[in-house]
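Take a look at the structure set out below.
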Amino acid sequence: WYWQKEKREPYVKFMEANYPPGFSYEDFGPLFTAEFFDPNQWADILKASGAKYVVLTSKHHEGFTLWGSKYSWNWNAVDVGPKRDLVAELATSVRSRTDLHFGLYHSLFEWFNPLFLEDATNVFKTRKFPTSKSLPELYEIVTKYQPEIIWSDGNGNAPDTYWNSTGFLAWLYNDSPVRDTVVTNDRWGVGSICTHGGFYTCSDRYNPGHLLPHKWENCMTIDKRSWGYRRNAQLDDYLTTEDLVKQLVETVSCGGNLLMNIGPTHDGRIAVVFEERLRQMGAWLQVNGEAIYGTKPWRAQNDTVTPEVWYTFSPKEGKVNAIFLNWPVSGTLELGEPQAKLGETQVKLIGYKELLKWVALGEKGMAIALPQLTPKQLPCQWGWTLQLTDIN
């Protein structure tokens, strides 16, 4: 898009410098080889990350499908490049080796598809593209792979009536093989985003910092600048594990899920830097998972006195979780929001055995004495959780 349509200078120059003259986008097809793609290894990394669902990009805006779609002749991973059904392989590995829910991303429109361009020229009064390509593909992936999440994207500035989104969704929720389990997002045509859908995505990297009344998802990338793999990325371009834990905690406290994107390589690897970030997130969740999984937003999302403290609520146990991202130098953490009850309220640091001492601060708020621990004794890095029981 940047190279062929917008003709942005850095992209044009990059292609001129690194590829032979007359090289077309289609010439990338055979170069996408996936010889190191090991779906079992991917499944193991995904499981270790602590994630509960995975969404694979089955087709992006350039129309190349990662399965052998009969509606994408000679422009799919079975006919060109890997010569493998990558969707089937990952689905099988994820389902046999993990308890993650398997989802598929699918782009409705395609940047340069002549049928789509023709419909667009006709101001979407004709519907050649959705009827012959986009919709048949959606029915195909649902029937064939039975994904539990359909992550739709790319409305191409066309209304949902052009895409027949309601017709497809009615089939999906009433008659499809996944009708009882499937979840969908909000990108089904102009005007539907952040308004209709099982969960809202609103925009890429959406993190409102306040409570939303509807379930939502913060869909963002570990590489700050790209959704794909960049061979020339610098270490600085990647979010640190501190950054990612902060994103997770802010998102969950405001009622959202975090969908963290990684870009694999042309030869099918998850780059080591992405693997490390995923495994570190998993290590953090092994300790603090009870403050994240199955929680609901509390009456306050973040603390009024101390910055970088975010709250979640565990309804089954009736516990308030205060996740703090900076360990105070004084050894005392002041919280402005909880109303503690003398002789009843208990404070526990997740991953540390003994209860913590605390004092109330007036009507509302409390000061908590944190244990004196060496870095090796800390239950985890990057952020810690206090569990408060019997709080007003």
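Including glycine, each Cβ sits where the backbone N, Cα and C put it.
Unlike curated records, TrEMBL annotations are generated automatically.
In TrEMBL this protein carries:
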DOMAIN    1-290  domain 'Glycoside hydrolase family 29 N-terminal'
SITE      Cys219  site 'May be important for catalysis'
DOMAIN    301-389  domain 'Alpha-L-fucosidase C-terminal'
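Non-local contacts of Cys219 (site 'May be important for catalysis') by the CB criterion (under 8 A, 6+ apart in sequence, same chain) comprise Thr201, Asp204, Arg205, Tyr206, Leu259, Asn261. For the domain 'Glycoside hydrolase family 29 N-terminal' (1-290), the mean pLDDT of the prediction comes to 97. Look at the domain 'Alpha-L-fucosidase C-terminal' (301-389): DSSP puts its residues at 0 helix, 36 strand, 53 coil.
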